[in-house]
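Student: When I checked Swiss-Prot for this same protein, it listed these features:
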COMPBIAS  118-127  compositional bias 'Basic and acidic residues'
COMPBIAS  246-262  compositional bias 'Basic and acidic residues'
COMPBIAS  408-418  compositional bias 'Polar residues'
COMPBIAS  426-439  compositional bias 'Polar residues'
CROSSLNK  Lys135  SUMO2 cross-link
CROSSLNK  Lys219  SUMO2 cross-link
CROSSLNK  Lys487  SUMO2 cross-link
DOMAIN    57-108  domain 'HTH myb-type 2'
MOD_RES   Ser303  phosphoserine
MOD_RES   Ser358  phosphoserine
MOD_RES   Ser417  phosphoserine
REGION    108-143  region 'Disordered'
REGION    200-206  region 'Required for interaction with CTNNBL1'
REGION    246-278  region 'Disordered'
REGION    260-606  region 'Interaction with PPP1R8'
REGION    408-460  region 'Disordered'
REGION    706-800  region 'Interaction with PLRG1'
MOTIF     165-271  motif 'Nuclear localization signal'
Amino acid sequence: MPRIMIKGGVWRNTEDEILKAAVMKYGKNQWSRIASLLHRKSAKQCKARWYEWLDPSIKKTEWSREEEEKLLHLAKLMPTQWRTIAPIIGRTAAQCLEHYEFLLDKTAQRDNEEETTDDPRKLKPGEIDPNPETKPARPDPIDMDEDELEMLSEARARLANTQGKKAKRKAREKQLEEARRLAALQKRRELRAAGIEIQKKRKKKRGVDYNAEIPFEKKPALGFYDTSEENYQALDADFRKLRQQDLDGELRSEKEGRDRKKDKQHLKRKKESDLPSAILQTSGVSEFTKKRSKLVLPAPQISDAELQEVVKVGQASEVARQTAEESGITNSASSTLLSEYNVTNNSIALRTPRTPASQDRILQEAQNLMALTNVDTPLKGGLNTPLHESDFSGVTPQRQVVQTPNTVLSTPFRTPSNGAEGLTPRSGTTPKPVTNATPGRTPLRDKLNINPEDGMADYSDPSYVKQMERESREHLRLGLLGLPAPKNDFEIVLPENAEKELEEREMDDTYIEDAADVDARKQAIRDAERVKEMKRMHKAVQKDLPRPSEVNETILRPLNVEPPLTDLQKSEELIKKEMITMLHYDLLHHPYEPSGNKKGKNVGFATNNSEHITYLEHSPYEKFSKEDLKKAQDVLVQEMEVVKQGMSHGELSSEAYNQVWEECYSQVLYLPAQSRYTRANLASKKDRIESLEKRLEINRGHMTTEAKRAAKMEKKMKILLGGYQSRAMGLLKQLNDLWDQIEQAHLELRTFEELKKHEDSAIPRRLECLKEDVQRQQEREKELQQRYADLLMEKETLQAKF
């Protein structure tokens, strides 16, 4: 018998990826074509997998309490209508059905007093999942079967093929349609040029023609309006919000990971905080009870007789206060002694609100649904199934309504309104934190300081506020009067740089400079010092000109020669000696490195530092100040002017200077083998050839460098000016086309003008010819009419005879 392949089973990660790629290519309507890529799945299973698991809009986070309440209420209202319930909750129908059954099974386990730690919907070993499309994919094995590898390669090849037969046919049809449109357009143009107008028949659209009309157009009213607010004001761009992660937005994987982390923390807190339910599950007691301890109160600190005495004293003080008010006595002494103590302050300390009694609505609804599911037939009669009282408040999330308190009903002997949950507190009644104090009644005024000040302040009473201001003012005045007189006079003398130091200290106190600004300022100081130091060097170091790698000390003449040296020769020897010292110093501190070579690769310019150090120890290098160098420069300039006037030298032109430079430069030849320069007339033919080869190589290197630089600049200019060039080419082409049209129109105009001239000259002749033809025709008609009349008379005559 042939092998029968039954499609279905657990979904693998490879199949999920193929399904997602196929949906991206073929869409969500060609499930048969998508299923042809998956050998073990049918089209119906692929569609169910997409709409039940792979769709990005599916919510896979943990169920919240509001969603569970809404699910149970909607299941009661619309039983078995999961496709209708799913979009209301925001889940899929399979998720709603699965969680509904999970809640019912969990309730049944709790009623049967079974263990509820495990998931009741979890599959047992050997069972087959009836809905594998709603479960996570199984990871791919390391060693895949040949069938799976073949399926994967086939799917990869088919999905990568974007130019199939249908795509080519569509492209061909599109080209034919474009050709037909262009042909019809050309035909209409030719007919219009010939003077034949053809109205294009347009199909009447049923709705709005968006090519002819402007939908929802609202024309502006007539009149002048102020348009100053329409000016665009450029905002400062916040480049911190233009990063790539801000532009891309939050990824779906990051959002789901954050939701999963929240779910884990929620479960952990639920296990830690729901201790009574855990005790109930382990002990089996249906109701959590706790034995209350005996109430122990402290002994009374005042007897009834003492309380009566306090009441009598209060009544007496009240009578005295009223008498003083009626008599008009309002001085500070009487107001202090006769203060009011029988009115309770409105600022009552905040009492801890009682936790409102609540019930587990999810458990009640699940029990009601189970009771309705297991009810017997109503034909037996009897009482109805007992159910818990419930309403439809669980369909929407519950929220507490904020109410404004009623100030009329807030009396001292009622429940404090500022402690009620969800009510707006009144001004002046915000309680102050009082440690180790029982909230209760507090006197409104306490002029004799009997009670602490924390619980007696009532800022809503204007008289109390004024009294406090007067007392504070009086206390401040007495304190200032009690200050001792000054004993000594002091005079403070600030140093010279005190203001600058104070300004720097204030700047340091008020403003903390950024580390980058500090580094930039230090770098600027170092650069300035480097530039200042560089100005003290000679021109060869400042301009980074080539310098000799070795110092030739043989140019010095011996001092003890016969005949002895003249003063001019001695001066020249001093200049040579100073030049040699400067060369040793520069080779030690500022060695020359050609720009074409890297550090450490200059073999020809390597120097012996010990030799330079030894020479500088015998002949130290002396550094001069800027003023000394300026004086020496001025002396040289003066001497040059004297020599120029004495020798009658004029200004040297650039052509003469270049000629002398070329002649001098042609006499010097560089020997690459010896890494030195020599005179050209002293070099051999081989040395000249090597020198020319070296110069050719250097020139080729320069040419290559310049070519690369030119190519880079050309590429940059092409990027910058490519759009302008293409635009210029397009405009030039349009200009040429317009010029051709102008020439063609001018030619046609001249042709029609010549034709008009010929027609104007030929029209009179044609008119004469036509007139002659008409005249001849009239004469012939006249002759024929006359002949007809004669023949008619002859006929009548003959008839009369016979």
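Using N, Cα and C of the backbone, Cβ positions are placed for all residues, glycine too.
Walk me through the surroundings of each of these features.
Tutor: Beyond the compositional bias 'Basic and acidic residues' (246-262), the same-chain residues lying 6 or more positions past its ends with a Cβ under 8 Å from any Cβ of the stretch are 56, 60-62.
Sequence-distant neighbours of Lys135 (SUMO2 cross-link) (same chain, six or more apart, CB under 8 Å from its CB) are Val10, Trp11, Trp53, Asp129, listed in sequence order.
Long-range Cβ proximity for Lys219 (SUMO2 cross-link), meaning a same-chain Cβ under 8 A and a gap of 6 or more residues, is found for none.
According to DSSP, Ser303 (phosphoserine) sits in a coil region rather than a helix or strand. A C-beta separation below 8 Å, combined with a sequence spacing of at least six in one chain, links Ser303 (phosphoserine) to none of the other residues.
For the region 'Required for interaction with CTNNBL1' (200-206), the model's pLDDT averages out at 71.
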Student: Can you break down the region 'Interaction with PLRG1' (706-800) into helix, strand and coil residue counts using DSSP?
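Tutor: So the counts come to 95 helix, 0 strand, 0 coil.
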Student: Using DSSP, how many residues in the motif 'Nuclear localization signal' (165-271) fall into helix, strand and coil?
Tutor: 60 helix, 0 strand, 47 coil
